[in-house]
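Going by Swiss-Prot, these are the annotated features:
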{"type": "ACT_SITE", "residues": "D251", "note": "active site"}
{"type": "BINDING", "residues": "H17, H19, K103, D251", "note": "Zn(2+) 1 binding site"}
{"type": "BINDING", "residues": "H19, L20, R21, N45, H140, L223, H255, A267", "note": "substrate binding site"}
{"type": "BINDING", "residues": "K103, H140, H178", "note": "Zn(2+) 2 binding site"}
{"type": "MOD_RES", "residues": "K103", "note": "N6-carboxylysine"}
Amino acid sequence: MTAPSQVLKIRRPDDWHLHLRDGDMLKTVVPYTSEIYGRAIVMPNLAPPVTTVEAAVAYRQRILDAVPAGHDFTPLMTCYLTDSLDPNELERGFNEAVFTAAKLYPANATTNSSHGVTSIDAIMPVLERMEKIGMPLLVHGEVTHADIDIFDREARFIESVMEPLRQRLTALKVVFEHITTKDAADYVRDGNERLAATITPQHLMFNRNHMLVGGVRPHLYCLPILKRNIHQQALRELVASGFNRVFLGTDSAPHARHRKESSCGCAGCFNAPTALGSYATVFEEMNALQHFEAFCSVNGPQFYGLPVNDTFIELVREEQQVAESIALTDDTLVPFLAGETVRWSVKQ
């Protein structure tokens with residue numbers, strides 16, 4: 001990586017956690033990812049969810065159809081785990097290079113997760129098959145019991161689900177997605193080479209005070225929810241350390257403005273347009289730009305056993321204002337950091 005004062009040149013990054021939705025929303029948001037990233041792990045929580053090879057192939061084609069000419073982008077598809085999923089279907093998709101990984105949503109943990117897994121025991125045959133064939137498990141790590149406080153759900157998941165699972169299936173490769181707590185940062189750092197994590201830009205840049213003090217900011221509301229500043233700091237320190245089993249996963253999750261700005265708003269930040277510059281800002285603030293390229297472009301492929309991208313992009317350090325909104329067919333999207341001045345952006 002070369003780092004003159006105003007330009008950062010890095011190997012083309014990948015996004016290891018992305019929501020593209022479907023229909024008009026898909027067509028609107030895909031270019032914001034495909035112009036920057038070489039690959040992205042695409043989440044399967046559509047309605048209905050992507051649970052078959054056939055559905056994944058069809059969804060992949062809809063994504064590719066939305067990629068503008070001149071963009072070189074490969075969507076990496078995932079299978080949505082359910083209590084009734086056939087292990088043979090999962091293995092077939094993996095062997096045919098349709099499924100790159102499988103996604104575990106605890107039932108009702110987040111958007112379109114009502115079909116999710118009710119207990120680990122219910123999907124043990126599937127997980128055992130994944131361990132056998134070397135297929136990564138991507139985990140939304142929150143318990144969803146009604147009596148557990150929303151700010152405690154990730155920490156409780158580690159002790160009650162994640163650790164027992166990894167003790168039982170010791171060879172299973174696991175990505176602890178969008179970690180938000182010191183508990184998770186410590187757990188991943190102390191884990192072995194079969195455990196990795198992704199972190200979003202919002203969880204590195206903000207804590208729950210930013211979302212709640214002086215008025216509720218619905219465009220910072222995502223799941224897992226922003227935590228207190230000691231957790232934010234632990235995440236920042238983890239990425240700044242150069243730890244190689246943590247990598248870029250934006251969890252970019254678009255919702256139309258009226259679904260975010262409502263009396264019962266949806267969870268998710270549409271950060272695809274601004275995420276890479278946001279990460280660069282954090283690494284610069286932490287005096288860790290020497291680790292930025294690995295976080296964006298090397299650590300993920302290394303964990304997944306994939307080659308790194310062979311092209312490069314440049315970020316430029318000059319102030320730019322983020323658009324207030326992005327047109328959607330009959331509504332608008334509000335991007336992460338809308339209307340704000342940002343320090344780093346991708347050089348066009």
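Heads up, the Cβ atoms here are built off N, Cα and C, so glycines get one too.
Counting every protein chain shown, the Cβ of L223 (substrate binding site) has 20 other Cβ atoms within 10 Å. Neighbours of the Zn(2+) 2 site: apart from K103, H140, H178, residues of the same chain with C-beta atoms within 8 angstroms of the site's C-beta centroid are H17, M43, L104, Y105, T110, L138, V139, G141, E177, D251. Packing around K103 (Zn(2+) 1 binding site) is summarised by its Cβ count: 27 other Cβ atoms lie within 10 angstroms of its Cβ, all protein chains included. The shortest Cα-Cα distance from H19 (Zn(2+) 1 binding site) to any of the binding-site residues (N45, H140, L223) is found for N45. Counting in whole angstrom, L20 (substrate binding site) lies 10 from D251 (active site) by their C-alpha atoms. Closest to H178 (Zn(2+) 2 binding site) in space, going by CA atoms and restricting to the binding-site residues R21, N45, L223, H255, A267, is L223. If you measure from the Cα atom of K103 (Zn(2+) 1 binding site) to that of H255 (substrate binding site), you get 21 Å. Neighbours of the Zn(2+) 1 site: apart from H17, H19, K103, D251, residues of the same chain with C-beta atoms within 8 angstroms of the site's C-beta centroid are L18, I41, M43, N45, L138, E177, H178, G249, A253.
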